[in-house]
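Some features that Swiss-Prot has for this protein:
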- 9: active site, tele-phosphohistidine intermediate (ACT_SITE)
- 87: active site, proton donor/acceptor (ACT_SITE)
- 8-15, 21-22, 60, 87-90, 98, 114-115, 183-184: substrate binding site (BINDING)
- 182: site 'Transition state stabilizer' (SITE)
């Protein structure tokens with residue numbers, strides 16, 4: 001059986017401050033750095049050997065991937081970065097305190113923006129300091145592809161081609177794969193892998209730690225699913 005390990009990035013500075021992060025390139029907190037190292041230790045203890053790793057183009061996921069691979073003595077494993085594994089784009093909510101947003105827009109509205117499958121938050125202004133339209137890491141993309149806001153549905157739509165073109169073929173080739181990504185990009189892929197309904201995915205949470213493991217048969221049917229260390 002092949003294994004796919006999802007590691008959500010460790011706690012970021014904005015997680016710690018309770019801010020909507022999305023595509024903002026925020027660093028790991030001290031706690032988050034340790035979580036990434038501990039994730040690697042759990043991987044080593046479990047004896048999981050990787051052949052390929054994938055991550056987003058955001059530093060909190062990149063650092064988590066590198067720290068986890070280093071702690072599991074697998075820093076040599078090839079790592080491919082893709083914007084398609086980025087966190088969901090929180091649009092105009094980016095940088096806002098979650099509690100303050102609830103006060104401004106109402107608890108129910110913010111809950112809908114955060115947890116619904118297909119409701120978009122307000123768009124981010126193109127001149128916002130966190131806008132991806134002027135970010136060099138997305139310079140190769142057509143401007144029409146770069147989002148101003150995303151819901152989970154849109155997040156899955158842009159992550160799914162990466163699953164179909166990269167992750168799934170690697171697994172079918174018998175490779176164990178590490179994916180260092182984000183809460184919502186992982187949720188989106190979990191929805192696809194498990195065939196969850198739009199309502200079912202609303203209750204799925206992906207913690208910063210520990211890593212989530214899927215084991216597949218040769219046809220990519222899920223054989224088992226578990227969190228390391230639990």
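Yeah, the Cβs are placed from backbone N, Cα and C, and that goes for glycine too.
Residues within less than 8 Å, Cβ to Cβ, of residue 88 (substrate binding site) and separated from it by at least 6 positions along the same chain comprise 22, 150, 151, 152, 154, 155, 182, 184, 185, 188. Between the listed binding-site residues, namely 22, 183, the fewest other CB atoms within 10 angstroms of a CB are found at 183.
Listed recorded positions: 11, 87. The one with the lowest count of other Cβ atoms within 10 Å of its Cβ is 11. Within its own chain, residue 98 (substrate binding site) has 18, 19, 20, 110 as residues 6 or more apart in sequence whose C-beta sits under 8 angstroms from its own. Within 10 Å of the Cα of the residue listed as 'active site, proton donor/acceptor', the following binding-site residues from the list 11, 14, 183 place their own Cα: 183. Counting other CB atoms no more than 10 Å from each candidate's CB, the recorded positions 8, 9 peak at 9.
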